[in-house]
Amino acid sequence: MEGMELSPINTTLDTSVYVKEYNAEFNKKVLPVSIVFGLTASVGLIANALVIYIYGFRYKRCNFKYFLFTLGLIGLLQCTIMLPTQIGEMHFWFNFPTSWLCRTSAYVFGYTIIHCYSILFLIALDRFRKVCRPYDWQIQANTARNLSIITSIASFILATPPGVVSGHHSFQTSYKDVNITVTVCATDDIHKNREWAVYFLLLLGGLPVSVIILVTCTIYALILMRFYRQGSRTAQSSLNNSSLARSSSDELSKVKTDDQNNITDTDNKEIVSKQMEQTLTEAKIVSFETTTSVQNGDNNSSMNSRFKNIMCVVFPVSRQLNIRANRPGNLHKTSSKLAVREKLLRKTFIVLIITITCIIALIITFCLHMVAESINYHALEVHGVILNAFVIFHRGSFSIICALFPIIYGVRDNSFRNIVRRMFVKDKGSNQGQVIETCA
């Protein structure tokens with residue numbers, strides 16, 4: 001009887017040992033994920049600290065200064081809290097110690113999502129006003145600062161649902177022909193079968209983010225349509241100007257030639273007049289053919305112009321603008337307008353690409369969340385590459401993008417690069433070639 005009484009205690013001890021072995025084996029499989037998260041947190045910590053310092057204290061005062069400063073704070077929060085917490089969770093994935101750590105992680109994740117998309121929405125609104133309503137009211141620096149503070153406070157409130165419903169979730173699985181009970185960080189078991197928890201999440205968390213993303217996408221669609229129309233008009237205007245310039249130069253050269261012929265060949269007027277009649281006849285034919293070819297090539301020129309505008313985003317043209325601006329024959333006003341327009345286009349497309357990347361990352365995260373429970377049940381049976389990819393995209397894709405994209409934008413910003421260059425490279429008093437940029 002005594003042996004039978006000790007049997008349940010030994011079974012419990014053996015089960016806890018199996019749980020630790022199960023968790024340790026999982027840790028070995030996802031070790032590359034921990035390395036990726038650790039490197040991202042280290043690089044992002046330095047990069048976002050630099051972004052916060054430059055946009056907070058060294059950058060010119062404009063609305064983008066406060067937007068990028070806020071995004072830098074969000075990225076710093078990801079690097080100091082979110083990613084280290086994710087690394088800790090992977091070490092205790094199936095043997096999660098405390099529920100408060102899970103709630104903290106879920107709260108920070110929800111806060112960064114809501115706050116990040118709110119700032120991206122404000123940036124989209126600012127781009128819309130500058131591109132589509134350039135002569136109407138614009139978001140000023142003080143307004144941008146106040147809006148950033150308001151969205152921060154609102155995000156703190158709207159991020160409460162994930163922190164409330166998250167906690168310990170236990171389930172049974174099989175390991176070495178033994179049924180073990182593991183504990184993971186997910187929706188808390190006390191809320192698992194309660195409908196109010198789902199509605200709570202959707203109402204305060206999912207609905208605001210969905211509305212913000214939808215409105216942001218609509219705004220950028222209007223901006224792209226405006227750029228498309230401007231590109232068409234610019235291409236048509238350039239084509240007409242080049243045609244007029246070519247015809248004018250031809251007429252001038254013809255006049256000069258006629259004058260020379262009149263001076264040198266005064267005795268051959270009748271021969272020259274016959275030749276001129278033949279030349280005019282041929283010119284009409286050539287003019288008809290040229291007009292036809294110009295009309296046929298109009299669409300191609302428009303497409304080339306739009307392509308060049310898009311390439312300005314990838315390859316900055318500030319150096320070319322400097323060269324053009326320093327030429328004595330060019331007007332400073334025209335160069336300034338061209339520089340502002342190209343900077344506006346470049347900045348808008350960079351932010352658009354970042355916004356689309358963040359939206360895709362969030363969609364991937366929630367799609368993978370639907371199969372997360374199934375992966376947890378069969379974690380050790382899944383191939384290592386697939387498991388690592390799943391954990392990176394499910395638990396870290398949004399965090400990695402949030403941690404890195406402020407510095408990615410900063411690298412594309414000429415003013416940001418100039419400030420960094422002056423910080424790390426000693427200038428010898430030479431300010432030649434520096435460009436004073438306006439906020440676009």
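Positions of Cβ are set from backbone N, Cα and C atoms, glycine also.
Automatic prediction, not curation, is the source of TrEMBL annotations.
If you check TrEMBL, you get these features:
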type	residues	note
TRANSMEM	30-54	transmembrane segment
DOMAIN	47-409	domain 'G-protein coupled receptors family 1 profile'
TRANSMEM	66-87	transmembrane segment
TRANSMEM	107-125	transmembrane segment
TRANSMEM	146-165	transmembrane segment
TRANSMEM	196-223	transmembrane segment
TRANSMEM	349-372	transmembrane segment
TRANSMEM	392-411	transmembrane segment
Legend entry - Annotated stretches the transmembrane segment (66-87) and the transmembrane segment (392-411) touching (3 or more Cβ pairs under 8 Å): yes
Legend entry - Region pair the transmembrane segment (392-411) / the transmembrane segment (107-125), three or more CB pairs under 8 Å: yes
Legend entry - Chain residues in Cβ proximity to the transmembrane segment (349-372) (below 8 Å; excluding those fewer than six residues from its ends, i.e. six or more beyond): 113, 116-117, 120, 123-124, 127, 186, 209, 213, 216-217, 220, 223-224, 310, 313, 390, 393-394, 397-398, 401-402, 405, 408-409, 412
Legend entry - Predicted model, mean pLDDT over the domain 'G-protein coupled receptors family 1 profile' (47-409): 75
Inset, instruction - State the residues, same chain only, that lie 6 or more residues beyond the ends of the transmembrane segment (30-54) and have a CB under 8 A from a CB inside it; answer 'none' if no residue qualifies. - result: 68-69, 71-73, 75-76, 78-80, 83-84, 86-87, 90-91, 93, 387-388, 391-392, 395-396, 399-400, 403-404, 406-407, 410, 416, 419-420
